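Copied over from TrEMBL:
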- 215-231: compositional bias 'Acidic residues' (COMPBIAS)
- 262-279: compositional bias 'Basic residues' (COMPBIAS)
- 7-200: domain 'Leucine-rich repeat and WD repeat-containing protein 1 LRR' (DOMAIN)
- 292-680: domain 'Leucine-rich repeat and WD repeat-containing protein 1 WD' (DOMAIN)
- 215-239: region 'Disordered' (REGION)
- 262-291: region 'Disordered' (REGION)
- 415-449: repeat 'WD' (REPEAT)
Amino acid sequence: MSKITTELLLERAVPRSTRLRKIETLNLSKLQLKTGDLDPRLFSRLRHLQKLDLSDNLLDKFPNSLTLPDLRVLNCNNNKLEDVTALKQFPLLEELTYENNVYLTLNDDYKVMFLLQNLRLLNGKDITKLANHVRCVNSRKLTSKVTAHWEKFFRDQLPEKYTPEQVKSIKKKFLKSVQTNVVYGPSSLSEFTRWRVKMIAEEFLAYSLGLELNSDTEPEEKSDENEEESTESPREAAEDVAQVGDFSSYISNVLFVTVTPSKRKRNHSKSSPGKKRSKSQASTEEEAEDVSAEPLHFLQCHSKGNSREDFKTQLWSCVFEPVLDSGARKDPIVSSSRTVATCGGESVCLIDCETGTVLKKYKVATEEFFSVAWTTLTMVISDSRKKAHNILAAAGRRGIVKLIHVAADFCYGEIKAHKKPIATVCFSPTQETHLFTASYDKRIALWDIGIPDCDYNFKASQLLVLETASIPLRIALVPTCPEQYLLAGCEDGCFAWNIKLDKGQKSRPFEAIFQFPDDESMTTSHRVDGLAFLNDDVVVSKSSKPGCIYLWSWSRSFDAKGKGCQRTMSAVILAELEWSTTDMSYLTLSTCPAKEYVFCGDEKGSVWMYNLSSYTPAWGSAKGKRSERRISPTQILKWPELRVNGEQPPEILVNNVVADPAFTYLVVLTSVNITAIWKKS
């Protein structure tokens with residue numbers, strides 16, 4: 001029996017009413033309602049209903065014939081909605097909220113903006129301008145692409161006199177082809193684009209061939225195949241940005257600049273200044289200049305108050321999002337997308353590297369974010385089904401870890417991990433719920449963040465505390481034994497801990513501290529502000545010693561058979577990389593293990609790149625010897641000539657630089673609130 005009766009409707013009316021047809025405002029929240037409880041025959045009597053609250057129920061969809069002709073405001077927060085297309089039956093809807101419906105995505109936002117012509121507010125945000133773009137510009141461009149696709153590939157396939165069977169066959173082929181090949185905007189909107197393309201294609205065929213129009217707007221099955229890259233310019237794609245939930249609607253400040261992509265080779269020759277080149281020009285000049293990467297986008301997306309005048313916000317950390325269902329833990333080449341998470345100041349951004357579109361932005365007004373990390377959790381969804389979702393952890397000055405379910409645009413929880421700032425975080429590659437947090441309180445904590453249920457209830461627990469002698473700046477798990485050893489670069493040295501959980505001791509001192517060359521002697525006392533593994537054995541670390549990055553062997557340096565804690569061990573140096581002579585700290589390095597590259601920025605906005613593939617075979621041998629000379633950078637990507645409002649930005653430090661596993665994109669984070677994205681030629 002339905003939970004909704006005439007008596008209930010009259011009682012829940014605001015104010016209470018004696019007749020259904022007189023009700024204008026109705027509150028049906030927190031009644032555990034399911035879709036079957038919404039009886040169209042009963043609702044059809046609510047002819048003058050303008051405001052309806054269905055929040056905090058169990059609805060997974062809307063019946064197609066509720067018949068509420070005057071509905072203006074609808075609240076569906078905290079349900080289990082999987083589809084929004086049935087909302088088209090409320091054409092006068094002006095305000096709509098459906099936050100905390102985990103299965104709804106950015107694609108659904110675009111669908112309702114297209115379907116509901118009078119919609120002004122979506123999840124509390126004014127979407128008037130964006131909705132007009134979706135209905136007009138987006139539709140116009142897609143219509144043009146659909147028409148062009150027909151003219152180029154299908155028009156000549158249809159004979160002058162055709163049979164219904166021929167038309168049916170050509171329609172089926174055309175709809176499949178056009179949904180596969182017509183792309184527009186960022187890949188995060190690919191489902192919406194396919195949905196609109198199908199609709200436009202059916203309208204086109206109905207008009208051109210006199211076919212019956214299919215008015216079904218049920219969602220297409222989501223494809224697991226990788227989407228094709230956007231063919232639109234970054235500026236066009238940037239117009240197609242929206243987001244919901246804890247993320248504010250945002251279009252990034254794209255810096256339109258004159259750039260000079262120059263490079264220093266081993267002889268450090270300099271290129272002359274020039275204007276930004278087109279791709280065709282780049283291809284003809286590549287051999288002469290030997291430029292392996294070109295500047296693609298310059299974004300100012302972490303500005304405080306979205307101000308274009310903000311050149312003070314420091315950007316600290318970035319990491320590429322894993323691709324779901326790609327075997328990411330097995331094959332690093334396919335373990336990331338072109339979407340990168342960046343953090344700095346009060347915000348965390350998700351950026352499409354190809355288009356330069358800021359897909360989502362998460363802000364905490366009192367926070368300064370220092371680090372972000374991804375993990376993939378298998379979560380239980382409706383009907384006890386399990387599905388993999390990417391979760392982003394972000395932490396910073398407040399010592400709190402924020403846990404964000406990105407696909408749902410929802411920060412579902414936080415862990416008060418430390419009383420002092422968190423310098424860096426990282427997830428275990430083998431235990432997806434295990435998160436390490438390194439803090440200014442001179443502790444590194446290991447947490448089990450748990451797996452949230454369908455209502456986002458979760459339980460986090462602290463598993464381990466590693467005591468450090470000084471502030472930990474960078475941490476890395478040893479690739480061959482990520483559940484046993486952790487390495488940390490700290491303010492006063494490089495340390496290693498045994499993190500195996502079968503040991504009874506929950507709070508542990510360091511097991512080893514490493515010595516490094518210092519002029520004529522060895523020393524343990526130096527700031528290590530860059531640390532990463534190049535492969536299973538080779539560690540790359542940068543210390544306060546100017547002009548030098550060390551490569552050393554973990555297996556030959558660490559004596560796992562030794563007894564006792566706080567032992568001093570000499571790092572077995574394999575090579576030194578030539579780097580800037582600056583004594584400035586906290587310009588960190590990164591590696592691309594699959595391509596055997598090391599990257600490090602400097603105090604002048606340049607990126608030093610080292611291709612070490614010709615050296616690693618020798619280092620991997622049992623008698624691998626140290627390279628006698630410092631290894632020069634394979635190339636140096638110099639900061640382009642860049643003017644904003646006719647002026648050059650202040651002094652540019654490269655705080656961090658990260659490549660995706662396939663080394664297609666290079667993301668450069670600076671001290672002046674500029675994210676630079678380079679693309680490998």
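Every residue gets a Cβ built from N, Cα and C, even glycine.
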Residues of the same chain, at least six outside the repeat 'WD' (415-449), with any C-beta under 8 angstroms of its C-beta?
317, 329, 370-378, 391, 393, 395-401, 403, 458, 460-477, 479, 482-483, 486, 488, 497, 499
Per DSSP, what is the residue count of the repeat 'WD' (415-449) in each of helix, strand and coil?
0 helix, 20 strand, 15 coil
Stretch-averaged pLDDT - the repeat 'WD' (415-449)
96
